[in-house]
Amino acid sequence: MSTVVIIGAQWGDEGKGKIVDFLTEKCDYVVRFQGGCNAGHTVVVGEEKYILHLIPSGILHKNKKCIIGNGVVLDPSGLLKEIETLTQKGVEIDNNLYIAKHCHLIMPYHVAIEEQSEKKKKIGTTKKGIGPCYTDKIARNGVRMIDLLYPDVLKNKIRANLEIINFLLKNLYNAETLDETEILTQYLNYAEKLKKYIADADILINKAIDSGKKVLFEGAQGTLLDIDHGTYPYVTSSNTIAGGACTGAGVSPRKIDNIIGIVKAYTTRVGEGPFPTEIKDSLGEEIRKRGGEYGATTGRPRRCGWLDLVGLRHAVRVNGFTGLAITKLDILDGIEKLKVCVGYKYGNSILEDFPKEIQILEDCMPVYEEFQGWKESTAGIKNYEKLPDNAKKYLKFIEDSLKVKIQIISTGQKRDEIIIKESPL
């Protein structure tokens, strides 16, 4: 098998970065296919902690080709800061990073309009301009990476967009307008620094696959934040599910061999939106502290709750997972009783399928099965047989309920704190 897609199976923050980092050792290419700098992938190598927002996690390995695909919306300023930080730490960027020509760019007016609209309609965005950038993409008004190399095209697009945006900022939001010349100068400066990375990414990826290279597709956020299949409107602005790897990188579904769902051993969510299994007492706070559940991008505390099999069954269905990776199992060490949601109570009915109506989901109560916890530490365990019996029972229940095999179990933050039951590559 030469290709694998890594997908978050919950509301993001499942620990995808570590799994991608681990699997990259066996890969030749790592491709980011959607999202923007609203994602934060944390990877710990030795004593060094890296937080990556745009560049694929594979960049931390030598001689791995990392590609930012056309499905990503890219903030040039954020990317340059990330490149600078990694370079200062001795990471080689120049020969290993490629950016799709038709990747869309986040502009200052995207950030400005999102900041203003979020004041009126609170969804819980990161205020990074992600949504407005995708809006321009769909409306066919977007600025793309390749436009940086054509100053007249860039100037005309900025001017046309500012006519609308400045009108809204001034008349609807009573906010400061933006200067066309200032933005153009800023982005032409970015062009000089980034032009060496611009490439026909889809051609590179397909040639790599066709020649037998191993390619890993790295998703951002999670299934329940998908624009179509998530808890709309409390979602991100892109397709976070496995199908997004094909559209966001330019590859055929026939070229995808494995799809791995990343599942945190409990559930977290950042920002607004329904969360049926949320733990609102001191245990929720304890899990947050143990797991370091604070956003890598915003620093916002994550809401914590029990594992939700209803949401996970939905994720299995829309992604077609061939395997699962369970993360943060060690965070549950020492908790006397564990709960797993197996259904939702809605009125007099028990729902086994994830509701598409947000108003129904908001009124759902979780139906739990309880499990005896384990007192022994699982931290750093690398052999499945050495896990406590109750931890194995917990994992077996997940596997049996979802009818998908668990291939990987993460038992800590560090790269080598991991159990491989079966390699997806």
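Don't overthink the numbers, they just go from 1 along the chain as shown.
Any Cβ shown, glycine's included, is placed from N, Cα and C.
Features reported for this protein in Swiss-Prot:
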BINDING   12-18, 40-42, Arg302, 328-330, 410-412  GTP binding site
BINDING   Asp13, Glu14, Gly15, Lys16, Asn38, Ala39, Gly40, His41, Thr126, Arg140, Gln221, Thr236, Arg300  IMP binding site
BINDING   Asp13, Gly40  Mg(2+) binding site
ACT_SITE  Asp13  active site, proton acceptor
ACT_SITE  His41  active site, proton donor
BINDING   Ala296, Thr297, Thr298, Gly299, Arg300, Pro301, Arg302  substrate binding site
By CA-CA distance, flag whichever of Gln221, Leu329, Thr411 among the binding-site residues is nearest to Gly299 (substrate binding site).
Gln221
Between Asp13 (IMP binding site) and Leu329 (GTP binding site), how far is it from one CA atom to the other, in Å?
14
Report, in whole Å, the straight Cα-to-Cα distance of Pro301 (substrate binding site) from Gly15 (GTP binding site).
16
Out of Lys18, Thr42, Thr411, point to the one nearest Thr298 (substrate binding site) in space (Cα versus Cα); all of them are binding-site residues in the record.
Thr42
Other C-beta atoms that fall within 10 angstroms of the C-beta of Thr411 (GTP binding site):
25
Taking only C-alpha atoms and a 10 A limit, tell me which of Asn38, Gln221, Arg300, Pro301 are near Gly12 (GTP binding site). These are the binding-site residues.
Gln221
Measuring Cα to Cα, how far is Asn38 (IMP binding site) from Pro301 (substrate binding site) in Å?
15
